[in-house]
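Enquirer: Look at Swiss-Prot and you will find HIS75, GLN76, MET77, GLY78, MET79, GLY80, LYS81, THR82 tagged as ATP binding site, backed by sequence analysis. The annotation domain 'Helicase ATP-binding' is assigned in Swiss-Prot to 62-227. As annotated by Swiss-Prot, domain 'Helicase C-terminal' applies to 378-599. Per Swiss-Prot, motif 'DEAH box' is recorded for 168-171, and the stated evidence type is sequence analysis.
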Amino acid sequence: MSCVHNNTSFPVQIEAYLKEVYEKYKELQESKDTSLTARFARALKYYQFLIYTAFSDPKFGIGQGENTRGLLIYHQMGMGKTILSLSLAISLSHIYNPILIAPKSLHSNFQQSLLKLIKLLYPETTDHSKELQKISRRFRFVSLDAYNMGQQIIKAGGSLNGCLLIVDEAHNLFRGIINSANDKTNARQLYNNIMQAKNIRILFLTGTPCSKDPFEMVPCFNMLSGRILLPLHYERFYTAYVNKTTNSPLNADKLLNRLVGMISYAGNQNELNKLFPTELPLIIEKVEMSPEQYRQYLLARDVENAEKHASSGMYEKINAAALCLPGSEQESGSSYYVRSRMISIFASEMLTVKEDEKLSEAVQQLPKEAFTENSSPKIVRMLKNIKTSPGPVLIYSQFVELGLHVVARFLEIEGYQCLQPLKVLEEGHNTILLHKDGKDLMVKNFAEDGPTHTLVLSSKITRFTLITGKILSKERDMIQQVWNSPLNIHGEVIKILLVSKTGAEGLDLKYGRQVHILEPYWDKAREDQVKARIIRIGSHDALPPEEKTVQPFLYIAVANQKMFYSIPEGSQEQKTIDERFHERGLEKSHLNSAFRDLLKRAAIECAFNGESGCLMCQPTNALLFHENFERDLRLPNPCQPLVKAEVKAYSISYEGKQFFYQKNKDVGLGYTFYEYNPIIKAYIEIKPSNPLYIKLIKHVQAGTTA
């Protein structure tokens, strides 16, 4: 079977194909077959096996010949995107050179997932290290965040020709491309290399596509198709596909036609949702700033407003460039409002930074008296909420020095102890074990041929630790192993984990009961990504049913009311930056969510999963879209909805084939004929324009009805 995605027959063909694959999956699950395909069927979830088969089947079409080059793997966070991609890399490594692109901090995640997959594939083997080394040698890792990423790609394989490219956290790549003002950035260079590559297969892994702006779809699907499938300029894309008045998709049917065959989605199925803990409704804590904090906040806003006016007009050139967001979008990024947002978390007159002194060091040198409710009402409110948690707690802030490090000082003052992994970690020692020795906990780090290093943790002390972008991967791995230990089920070893944006990526945590987001962000998908670190498939299986819940909190700084009303009318900012970011995020989230719904409707599994609104066309074998998007918008939609219904009809046999017909006065010649389509396993109407139609009428009228 071969399918081409630019064809009205593709949706019904893929539905029928996946049904066959699912039946095969169920058979292999129960079999004792030792073939690699059977092993993968037993190792993978059904939704993973569907994509594994469709992508690796040389007869099917995804990524084959002139068809699409790969898939956007849009699977809900915690559903095993890494395992799926590694499965395909193993199966296709004899044909394609696997290159894994991810932030450097996530490279060890792939190694851990690879070991997990090998154990699932070969449960009869006790020593998996040799197989791990053998398979690992086929892979090449490239750091998307490295300054020399281009050189790493050359070292990995010379070029991207003939490679299987796996990009983890792919939304970061899409954002990097549209945030680039020129072609010199890592992200833009990678885009150009992918567009020029020959015989390339691609897997983009993300749980949050279209998180910043629908325009992220442009580089994504251009790379997957290998051509300019979507318009490169922001305004042309918005004119074609975004209704700015209603803040919703425009010409959605035409956009769906272009995207079908390039998306895999898994996440809404009821049987899968049962495997996740329950996410309780978000608690939004609006925290009034203290008078001194608000005074410093207003001074910071004056500086930011002056900088904004000084730079006005500088983005006009950027607006006209291809693959670039307008300047107003760049303005909303991390380089603006940083002062006021950090002061919204913590403000102290005692904080001064000496020459050649790091901000984190200055925070560490502050006396205990600097950490009060007056300097940070937000953190004090958060600590009160944390004390109600029956289990481990995750805290997120975009800001490290004046966010996480300040929280750490508050925790230390409250009597918490910081767990420092480097006290136990040694080079070559990559196995972590926890066990109880009386009332104390022992963390052991050892290698098979080396000494064991032990860290004794008193059960009387409550601990916290941090994961930021600067932490070593071995420290990150140890923290994750200790957190996920059965001995930490209620936070006995690590009660609180503080993470930054970079630190949070790729974490797979168990048992978490609360998530605290210290400041809002105008990209609500980031909040979802943070929550997904502990809301994962099977993450709470060890807990009783009543404890399988996660409570998220979001903290928003609001104006000090007494000072606000003392400011002359007209000079007041009606909303704080926190409030503006939160409201902007909700507005953008509405539009982005609508486009993510379109991605779900275009997913190759949509009809198989029984979702509503799936793109399903009558299989007329016509082109689904015109290559020129502007002309495509003017043409009639070739996708005529496929409607399945039971009808009463008569059977006839013509030239050895069976057909059915109805007498129908509403049709010009008085008959409707149907023929069997083996691909969709259903009867479809024969159009009057088909030469067979007239032959069948003559056959019926000749009185040869069976």
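Every residue, even glycine, has its Cβ placed from backbone N, Cα and C.
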Enquirer: Does MET77 (ATP binding site) have same-chain partners at least 6 apart in sequence with Cβ under 8 Å from its own Cβ, and which are they?
Expert: GLY207, THR208, ASP528, GLN529, ALA532, ILE535, ARG536
Enquirer: Among all the protein chains here, how many other CB atoms are within 10 A of the CB of THR82 (ATP binding site)?
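Expert: A 10 Å sphere around the Cβ of THR82 (ATP binding site) contains 24 other Cβ atoms.
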Enquirer: Which state, by DSSP, holds HIS75 (ATP binding site): helix, strand or coil?
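Expert: Strand, per DSSP.
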Enquirer: Could you tell me the mean pLDDT over the domain 'Helicase ATP-binding' (62-227), as a whole number?
Expert: 88
Enquirer: Could you count the residues of the motif 'DEAH box' (168-171) that DSSP puts in helix, in strand and in coil?
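Expert: Once the DSSP states are binned, the motif 'DEAH box' (168-171) shows 2 helix, 0 strand, 2 coil.
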Enquirer: Using all protein chains in view, find how many other C-beta atoms are within 10 Å of the C-beta of HIS75 (ATP binding site).
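Expert: Excluding its own Cβ, the number within 10 Å is 22.
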Enquirer: Once the DSSP letters are reduced so that anything not helix or strand counts as coil, what is GLY80 (ATP binding site)?
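Expert: The three-state answer is coil.
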Enquirer: Would you count the other C-beta atoms found within 10 angstroms of the C-beta of MET79 (ATP binding site) for me?
Expert: 22
Enquirer: Determine the Cβ neighbour count for GLY80 (ATP binding site): the number of other Cβ atoms within 10 Å of its Cβ.
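Expert: I count 21 other Cβ atoms within 10 Å of it.
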Enquirer: Look at the binding-site residues GLN76, GLY78, LYS81 and tell me which residue has the greatest number of other C-beta atoms within 10 angstroms of its C-beta.
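Expert: Sorting the candidates by Cβ neighbours within 10 Å, the top entry is LYS81.
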Enquirer: I need the neighbours of the ATP site defined by HIS75, GLN76, MET77, GLY78, MET79, GLY80, LYS81, THR82. Which other residues of that chain put their C-beta within 8 angstroms of the C-beta centroid, in sequence order?
Expert: GLY207, ALA266, ARG536, ILE537
